[in-house]
Amino acid sequence: MDKIVIEGGVPLRGSVDVSGAKNAALPVIAAALLAEGEHEVRNVPDLADVRTLGKLLGHMGCEVVRGEGDRRTVRLRVPAAVTPEAPYELVKTMRASVLVLGPLLARLGRARVSLPGGCAIGARPIDQHLKALTALGAEIRLEHGYVNASVPGGRLRGTVFTFDAQTVTGTENVMMAAALAEGETVLRNCAREPEVKDLGDALVAMGALVEGAGTDEIWIEGVPSLRPLSHAVIPDRIEAGTFLVAGALPGNDVTVRGCVAAHQEALVEKLRAVGAEVTKVEGGLRVIGDGRPRPVDVRTAPHPGFPTDMQAQLMVLLCLADGTSRITETVFENRFMHVQELIRLGAHVEVDGRVAMVKGVPELSGAPVMASDLRASAALVLAGLAATGTTEVLRVYHLDRGYERIEEKLAPLGARIRRVRG
């Protein structure tokens, strides 16, 4: 099993490029199921989850290939007849596999999809997906770990539906389903993340009638059919945010290229609050970590609030602050599993339910640590960069689900980091 080995305490200087957003690429690729023909999705990161979705679509009868000259381009050929099944063997490691449910129901009128896997960071049920699809006219049964769904009459019907809680994949799944439904659909209390807007833009490019994607209310007028997709996904705001935090670590100076400043407002506000210098530059943001960070209080929230996917990374910065910070996690339970590993590096963190009190220490010291989920693994890499001595990050398969060869991106900045194949 691979591990990442870091010799920490070395200042980072230079520029780093942001890959395409995994959480935008996955729903856009799933949307290809809505239309027969040849599709092209650009700026796609080469990540485990993306490869898994490609295997899943291949199982369904689609042809999925990476561009020979441009590995960031994925081309898909979707046949008229698609096998509407997502077996457990292919989706057990990837929560986003549920995104095929809406397109399959909309185009084929039936689907059998295994309940999803992914990071073990608390209960992330798909009940909102199923309630909304039922409101669109689907009949759904949960049997033997699978969602068995069908559409009496063959075509979903438009509806008005309010999500009980904001859900990104739920909003995306229902948007895709409603794109081919008969009549008008109005979705309320929708997730407002940039990835939702990106999917809306992709659907519009396919000929869908969608308005309001990226706001809390989305209007969709169903059409009989859609044309093949051609779309470039947005940059990954969480990868960009991870590099921004790296730049804010004491003594560092990092420019993050391809970073969309509008997607980083909540994080930038906190970075400036801790004392980092953040400036807009051509094509991105520059961050300078000037001295020891100041403590701040952080509360995660759905977009446009502070992203839960950046909570662990920011905690690393606050572990070095001159004072005590408070982090409140409101989105997911069990999202402090990285804390025990940070403590191994010398951090002083106490957790009580959804609140973590972070008492800053002058320095961290390297040690072997074990990743528990995707964003925790990124936090441990950041901690290893800041720590003195050697840090080994184990279970980096979590890291590879969301970061495209992170060691190759950090090394040109001066980081002493390498992957050891296991």
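Cβ coordinates come from backbone N, Cα and C, glycine included.
Feature annotation from Swiss-Prot assigns phosphoenolpyruvate binding site to K22, N23; the stated evidence is sequence analysis. In this structure, K22 (phosphoenolpyruvate binding site) is part of a helix by DSSP. Around K22 (phosphoenolpyruvate binding site), a 10 Å sphere centred on its CB holds 25 further CB atoms from the protein chains shown.
Residues annotated as UDP-N-acetyl-alpha-D-glucosamine binding site in Swiss-Prot: R95, R124, P125, I126, D127, Q128, D309, V331. In three-state terms derived from DSSP, V331 (UDP-N-acetyl-alpha-D-glucosamine binding site) belongs to neither a helical nor a strand segment and is classed as coil.
Look at Swiss-Prot and you will find C119 tagged as 2-(S-cysteinyl)pyruvic acid O-phosphothioketal.
Taken from Swiss-Prot, the feature active site, proton donor covers C119.
By a simple count of nearby Cβ atoms, those within 10 Å, the most crowded of the binding-site residues N23, Q128 is N23.
The separation of P125 (UDP-N-acetyl-alpha-D-glucosamine binding site) from K22 (phosphoenolpyruvate binding site), Cα to Cα, is 20 Å.
Cα spacing between R95 (UDP-N-acetyl-alpha-D-glucosamine binding site) and N23 (phosphoenolpyruvate binding site): 11 Å, rounded to the nearest whole number. There are 19 other Cβ atoms within 10 Å of the Cβ belonging to R95 (UDP-N-acetyl-alpha-D-glucosamine binding site). A C-beta separation below 8 Å, combined with a sequence spacing of at least six in one chain, links I126 (UDP-N-acetyl-alpha-D-glucosamine binding site) to V98, L115, P116, V147, T169, G170.
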